[in-house]
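According to TrEMBL, the protein has these features:
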type    : residues                                                                              : note
DOMAIN  : B:24-363                                                                              : domain 'Aminoacyl-transfer RNA synthetases class-II family profile'
BINDING : B:Asp87, B:Leu88, B:Thr89, B:Arg117, B:Gln131, B:Asp135, B:Arg288, B:Tyr292, B:Tyr293 : L-histidine binding site
2 protein chains.
Amino acid sequence: MAQTQARTMPGVLELLPREQIAFQRMLDVIARNYRLFGFLPIETPVMEFSQVLLTKSGGETERQVYFVQSTGALEKDGQPELALRFDLTVPLARYVAEHERELSFPFRRYQIQRVYRGERAQRGRFREFYQCDIDVIGKDHLSTRYDAEIPAVIHSVFRELAIGPFTIQLNHRKLMRGFFEGLGIADGEQQMLVLREVDKLDKRGADAVRATLTGEGFGLAEDVVAKILQFVQVRSTSLADAVDKLDALGAGSDTFEQGRDELKQVLTMVRDLGVPENRFALNLSIARGLDYYTGMVYETTLDEHPEIGSICSGGRYDNLAGQYTKSHLPGVGISIGATRLFWQLREAGLIATADSTVQALVTQMDEAHLADYLALANELRAGGIATETVMEGGKLGKQFKYADRAGIRFVLVLGDEELAKGTVTVKDMRRNDQFEVKREELIKALRVELEQAAVMPVARD
Amino acid sequence: MAQTQARTMPGVLELLPREQIAFQRMLDVIARNYRLFGFLPIETPVMEFSQVLLTKSGGETERQVYFVQSTGALEKDGQPELALRFDLTVPLARYVAEHERELSFPFRRYQIQRVYRGERAQRGRFREFYQCDIDVIGKDHLSTRYDAEIPAVIHSVFRELAIGPFTIQLNHRKLMRGFFEGLGIADGEQQMLVLREVDKLDKRGADAVRATLTGEGFGLAEDVVAKILQFVQVRSTSLADAVDKLDALGAGSDTFEQGRDELKQVLTMVRDLGVPENRFALNLSIARGLDYYTGMVYETTLDEHPEIGSICSGGRYDNLAGQYTKSHLPGVGISIGATRLFWQLREAGLIATADSTVQALVTQMDEAHLADYLALANELRAGGIATETVMEGGKLGKQFKYADRAGIRFVLVLGDEELAKGTVTVKDMRRNDQFEVKREELIKALRVELEQAAVMPVARD
């Protein structure tokens, strides 16, 4: 038969089973913590009507969209009616607007699905990747208190993921806006441009940003730029320090004061929610590229891997779904780009290949005893232990080797002797240990071992 | 702002949160049982190269494919290079061929992802739907013993789903083929056409099928058709009955005898694997529409809802990935179409809306105690209880109503009195019961209740 080369498109992360297991565990930790904080699951179709998907977005997004056409539509040569979602926010807006009457507000949803962007193929850039989002959507209004829950969720997720110490960094768009207004940069458009430059501080360095801001395009005075750079370099080391540094900024416009008040309130509540003070900090340089944040903004970085950048970002927005409904729907949320995070953690050596989901392998010594092996596998499964049975024998050594390579922890041997005595010989591949156990005590023995292994190491705060 | 109508494309099943929770539980049960039997998870990208996806398929599939183009590719007006997967079998074939050297064989994988078909929009027909597949792939050969594991997995899944009594129906393509050869219908093409007609037996009835087969197109003799219809009406009521009925078929060709031997071996092993004899049966009418099955074929039906048709189907095939690799890769597998199944079960009233994933709601009586409410929520979450906190108070009655509508089981009240006594008042919304418990005993008390509720009703065999 003429053969086609078996290959995936570039820009996707396709994993081998044991990598997939490690990735799935990461998603499970994220989902479990989202649920723990009272967020409800939803899923939306991978496709939306192009018209729905592209109402708001600018040219950049549109250039990255994947359009979808059925064969029939292709033949008609029309403009594509459908497109793949490029984030989970637009589908959420559409979902909330479509099902508004059937939802309770504040609506707390989590969503863990893949999104699609026609990025230029490049190492570490993905065209298909998981986003793990939470949002709380209010109807007409949403208390700032919800903004304080977000860092508590972030803390809970990354503590359990145990990928090292991290810092949740907080800022407020109104504080920033008020500050700029105080410097005479009152035009929103101009503020946004300055914010975008300031956002590049870490990447380009202070000198380059200063040069741009005093240069032709912006034409800001030296002392104004100095104040801006001083402002954006504010970081706090504790809650008290954050409050002090906020107070030290001096008086400002109403917008400025509102931002400062909300920041203080949120920071205090984050502490009340049990987040250790070394896990969150004021960082007045956080602006977030997106234009739609209007209040709190969040970024999270790994203390020992700043090169990875923000691993979880988000913020408060004024109105989620203005393009679909007249209802005013303010919200606050964050997103974890799980595919990129997993890839980066693997690159940084912070994630190991997981053990198999298969916990026990029932070996085959003698074909004549196959029914006994199957019965043993049944017992194990009934006891909740994921079990594979060797269906075609061969040398026992080879069966052990298979288990070892596959990452299966327990290899069970049921020979004539064991059958006569009513026992099973267990080889623990992890501990390189071997023991014989009575058949009726087998499940309990394996469970104890497996439960000990399942206790995840929790990073110290 | 000019508004766009918020709507999803037709042919998708978008769920409200509590329906999503019920659906997710169904997927979880399926995945857990797949893992229990030693299958490993993989995921493949939603898109494949069109060339890879469409190597084998005929016109029918091609007409239903969704093609994908990035904006850049659209502008170039070329033929679409990418398409959405229409099943999980072709991506599996590509995956195994691409990663062949990195996989251990027999390769046991499960895959639970959505697939896409440009079906005509119709009630109960989906353009996006979940498939939940398992396959065991051998290298060069794969023992028939693996074919016997498949019904054991099916039994385990549907017993735990507890959607009523079911029967796993088995047949063998070689038995069928040998039988037809014995009747002088030796041409493979012709057999396939007859099998397709026979496959319509349940839908069209015996008379219509007989008319077609004796009619112009087929021109079979009356007695040949009578034998065919007698053959396909064979059903067994127990393992012994199945063996008797197979023996009663009389001698046949090598192909026929091979099919009969394998069927007997598989049926016996299915029993050895602990599947009760009333849960599996020989059904010589099962042909499966697909051309690539070459050995065992499986269908599963709900005894009390035959109108739903097969809820889980599959079989044995000779060579998975001949279009991508020279390796000979025989396999056996099944697929559960979870979206359609969920929809049908809901239509039949067999699935109820789930309780919320939120297990406890901390109410707000007095804003001044907010920090106490947050601390209580922290304690609950640390104890593994999914908890939502009321952030903006209002009447307590309203907060209870919210919990009731949202399907949250426990509503917690922490008033002045409770704070003074170190207790919490718990309202159990399910039992319509209320009790006061010491703060330090709260988590244990709720856990006991929740664990009792989590014990799923298991259908009797």
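One is the number of the first residue shown, and numbering goes on along the chain from there.
Glycine too: its Cβ is placed from the backbone N, Cα and C atoms.
Remember, it's a predicted structure, so these values are computed and weren't measured experimentally.
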Long-range Cβ environment of B:Thr89 (L-histidine binding site), under 8 Å and at least 6 residues apart: B:Asp133, B:Asp135, B:Leu320, B:Gly333, B:Ser335
Where the record names B:Asp87, B:Leu88, B:Thr89, B:Arg117, B:Gln131, B:Asp135, B:Arg288, B:Tyr292, B:Tyr293 as binding L-histidine, the maximum Cα to Cα distance in Å: 22
Mapped DSSP class for B:Gln131 (L-histidine binding site), helix or strand or coil: strand
Most Cβ neighbours inside 10 Å, all chains, among the binding-site residues B:Asp87, B:Tyr293: B:Tyr293
Mapped DSSP class for B:Tyr293 (L-histidine binding site), helix or strand or coil: strand
Assigned conformation of B:Thr89 (L-histidine binding site) - DSSP reduced to three states: helix
Number of other Cβ atoms within 10 Å of the Cβ of B:Arg288 (L-histidine binding site) across all protein chains: 18
Around the Cβ of B:Gln131 (L-histidine binding site), the count of other Cβ atoms that are within 10 Å: 20
Collapsed DSSP category at B:Arg288 (L-histidine binding site): coil
